[in-house]
Amino acid sequence: MLLRFTKMHGLGNDFIVIDAIRQSVHLTPEQVRHLADRHFGIGCDQLLVVEEASRPDVDFRYRIFNADGGEVEQCGNGARCFVRFVHEQGLTAKRRIRVETRSGIIAPQLEDDGLVTVDMGVPVLEPARVPFVSDSDAIVQPLDVGGETIAITAVSMGNPHAVQVVADVDAAPVAAHGALIERHPRFPARVNAGFVQVVDAHRIRLRVFERGAGETLACGTGACAAVVAVILCELAQSPVRVETRGGELDIAWGGPGQPVLMTGPAVTVFAGEIAVD
Ligand SMILES: N[C@H](CCC[C@H](N)C(=O)O)C(=O)O
């Protein structure tokens, strides 16, 4: 079959976006891996599927697949691209939409300046709900990685994150440690590994080795998790500008029990169609 797709990115975190409302789409993990392959397919970090709402209080349903073919709970940069896509495709005239994901409802909004703000929901810190195997609920916990003991904060934005404060993100062992943290046995659903450098009270630098995709140029939920972690550790105050390799995000968080608000760009690169057997 011929599959219509749109290629988009949020700060270089790139996506294949597929309209499953006006075309019938049922992709296997192997088909997702093929489409995500940067040599044999289209290439992307994640594949996003736009579906009709399954409940009356939301506008759309949003499914997210990592490049490794696994379906996951949330994608922040993808949420910004999602609202731009449904608007550009004429699937809605609303500028603020409610979207159902595997981990709950998010509310992306197209701003007048072309940026997109997303209410990413309330972060979860209870280890069992991240999930993170621990008999402590301390904000910072030790984790044995490659024979070293590092200090991480486990946060869920619907998807799991392990955030580590480092002196210099450029010198951090993102590839080596990121791969070990991603599959650490204390994260039974695997985890996104964030490496954050605090520049000042309102600015951090971030690199993320993403679950199911490897290091990406930016990670929206990773930026939210990193801001939650540095605020809880009293290393920064809201709002925080997050510098990623792909560009900057603005994150605001009012503290425990409050939602995280993320603002940043969403770009449509090209559209096409591809044969999927
Ligand atoms: N790799 C993530 C999903 C994509 C998240 C990221 N691209 C974002 O912008 O939040 C996970 O397995 O939870």
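Using the three backbone atoms N, Cα and C, a Cβ is placed for every residue, glycine included.
What TrEMBL says about a protein is an automatic prediction, not a curated fact.
For Thr221 (substrate binding site), the same-chain residues lying six or more positions away in sequence with a CB closer than 8 A to its CB are Gln74, Cys75, Gly76, Met120, Met157, Gly158, Asn159, His161, Asn192. As annotated by TrEMBL, substrate binding site applies to Asn13, Gln46, Asn66, Gly76, Asn77, Asn159, Asn192, Glu210, Arg211, Gly220, Thr221.
Annotation comment: TrEMBL describes Cys75 as active site, proton donor. If you draw a 10 Å sphere around the CB of Cys75 (active site, proton donor), it holds 30 other CB atoms from the protein chains shown. For the recorded site, Cys75 (active site, proton donor), the DSSP three-state label reads coil.
Residues annotated as active site in TrEMBL: Cys75.
The active site, proton acceptor annotation in TrEMBL covers Cys219. In the three-state DSSP classification, Cys219 (active site, proton acceptor) falls within coil.
Asn13 (substrate binding site) carries a strand DSSP state (E or B). DSSP assigns Asn192 (substrate binding site) to a strand in the three-state reduction.
Of the listed binding-site residues Asn13, Asn66, Asn77, Asn192, the Cβ environment within 10 Å is emptiest of other Cβ atoms at Asn66. Between the farthest pair of Cα atoms in the substrate binding residues (Asn13, Gln46, Asn66, Gly76, Asn77, Asn159, Asn192, Glu210, Arg211, Gly220, Thr221), the distance is 16 Å. Separation of the C-alpha atoms of Asn13 (substrate binding site) and Cys219 (active site, proton acceptor): 7 Å, rounded to the nearest whole number.
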